[in-house]
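Reading through the structure tokens given below for one structure.
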Amino acid sequence: MTAETNTNKHPLYIPYAGYTLLELPLLNKGSAFTQEERSHFNLHGLIPHVIETIEEQSQRSYQQYGAFNDDINKHIYLRNIQDTNETLFYRLINDHLEEMMPIIYTPTVGEACQRFSDIYRRHRGIFISYPDREHIDDILQNVSKRNVKVIVITDGERILGLGDQGIGGMGIPIGKLSLYTACGGISPAYTLPITIDVGTNNQQLLNDPIYMGWRQPRISGDEYYEFIDQVLTGIRRRWPHALIQFEDFAQKNAMPLLTKYRDKFCCFNDDIQGTAAVSVGSLIAASRAAGKQLKDQTITFLGAGSAGCGIAEQIVAQMVAEGLTDAQARARVYMVDRFGLITENQPNLLDFQRKLAQKAEVVSDWGNVEEVISLLDVVKNAKPTVLIGVSGQPGLFTEEVIRTLAENCERPIVMPLSNPTSRVEALPSDVIQWTNGRALIATGSPFAPVNYQGKLYNISQCNNSYIFPGIGLGVIASGAKRVTDNMLMASSNALADCSPLLQNPNADLLPAIADIQDVSKRIAFKVAKAAIEDGVALNMSDEVLLQNIEKEFWKPKYRGYKRVPF
């Protein structure tokens, strides 16, 4: 079973017919089957008489979608279309991308994860549970997709800012892969969501009689890492060239897993590296628009977990690329967590935090600060020009913090990136008011435009969906065997090149969602070029590379079918 290419030049030869064909989401056309196809595939009477175009189907679906009043039911409705007719699903999403992205992914996907067992309808992807650890190869062989090229995998322990959702975390790989297709043109026949079920420490789920996961506390330590290794090794055997995206693993596991496997498999961690790439791309664009480089900015983070430190490390790398030494770059980055500013004399720092700790002598001249140096202390004394929130805690960018930030620079950059919307460090409307409209803002979740003193401010969403679809497309088009730091840096610079702010100082920081497919293609090209330069992809001309990108870019159109015997 495959719908791996999408062209009307050649028909697709398939053996399925009747109800079986209608039950295959990759192949089902519903009311769009032609008269000839209805005859050849035993479909007469199984669907209504009228033959519709995909445009007509999309219009009907959108009308039905509009009948739902709340976002979670809209999400359930769209997932039902996805599970019955994937081509129609992506046509509908493409027709209304900006409207529907918040429904199929953040913020609505957060509630969908919390209620996964409540709203479960139909199978999608695979669940690999710890009790089945002796049968991993069999589980992977049960997948009918032969040519999987992109996998998003989670263990459900740190879902957005919502914590441990057990197997409910499957909503994230499903949503992410929907965006790989809708934004990056990767055929749904090439994608596979995977959830690793190692139990849950969420007592509410353990007590829930309809929770569908393994009802045990999470395994940990060597037992956990050995199981993860079994899963990843099995994936490598089944689909040796697939890109693996790690998604929403807990901080204690995310960086060790990335460190262990990034030089063995073609893989990356979107929470660490994808978030970093889109954030750095946004900062490069904002700096260029002000006639500066990123190395001229001073940056303060609220949140020093794997995501925050991942962004910080990529900022340091970009500053070094712009001419600073490593030490000079690190001196311009301040990391604040729940224990205050991270300094070198603090105990119990994680390895990835220690490299970003500020020197003790830096803060010794700050005078009247408490032993725990607060975010406000850092903003007052370090005088940052950029404030980035990845804390998962709402409201911590207070009015005093933002007003103090705005005293130090003409156009402060404020990026409250925590997801979902309920976890954002500050509301864009408040930031605009507190800075008298001077702040450049990018958020992790979508927000409506803000009207302030008669001017409408669009709020750019610093969403990883600007980055990871292009990375996936670039990896596939080039045949890259690894995801290197240079490839990630290339994605940041490609995104910065697309910023409307570079043409108009009053424009938005990031491109419109409506343009995201073109952005993904540009990112794919730069990522693929970097892969070739790093020697992890075969050498090819720019012309061939561009042809590969266009060839791989799937569009939701129906193909003609011809029947063949089994």
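Backbone N, Cα and C atoms are what each Cβ position is placed from, and that goes for glycine too.
Record features, source Swiss-Prot:
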| type | residues | note |
| --- | --- | --- |
| ACT_SITE | TYR105 | active site, proton donor |
| ACT_SITE | LYS176 | active site, proton acceptor |
| BINDING | ARG158, ASP271, ASN419 | NAD(+) binding site |
| BINDING | GLU247, ASP248, ASP271 | divalent metal cation binding site |
| SITE | ASP271 | site 'Important for activity' |
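Among the recorded positions TYR105, ARG158, LYS176, ASP271, ASN419, the ones whose Cα sits within 10 Å of the Cα of ASP248 (divalent metal cation binding site) are ARG158, ASP271.
Distances between the Cα of TYR105 (active site, proton donor) and those of the binding-site residues ARG158, GLU247, ASP271, ASN419 are shortest for ASN419. DSSP assigns LYS176 (active site, proton acceptor) to a helix in the three-state reduction.
The distance from the Cα of LYS176 (active site, proton acceptor) to the Cα of ARG158 (NAD(+) binding site) comes to 15 Å. The binding-site residues GLU247, ASP248, ASP271 differ in how many other CB atoms lie within 10 Å of their CB, and the one with the most is GLU247. Cα spacing between GLU247 (divalent metal cation binding site) and ASP271 (NAD(+) binding site): 6 Å, rounded to the nearest whole number. Counting only residues at least six positions away in the same chain, the Cβ atoms of THR106, PRO107, GLY110, LEU160, GLY161, GLY444, SER445 sit under 8 Å from the Cβ of ASN419 (NAD(+) binding site). Cβ neighbour count for TYR105 (active site, proton donor) (all protein chains, 10 Å cutoff from its Cβ): 27.
If you take the C-beta of ARG158 (NAD(+) binding site) and look for same-chain residues 6 or more apart in sequence within under 8 angstroms, you find ASP164, ASP248, PHE249, ALA250, GLN251, ALA254, ASP271.
DSSP classifies ASP271 (NAD(+) binding site) as helix under the three-state reduction. Its Cβ taken as reference, LYS176 (active site, proton acceptor) is surrounded by 27 other Cβ atoms within 10 Å in the chains shown.
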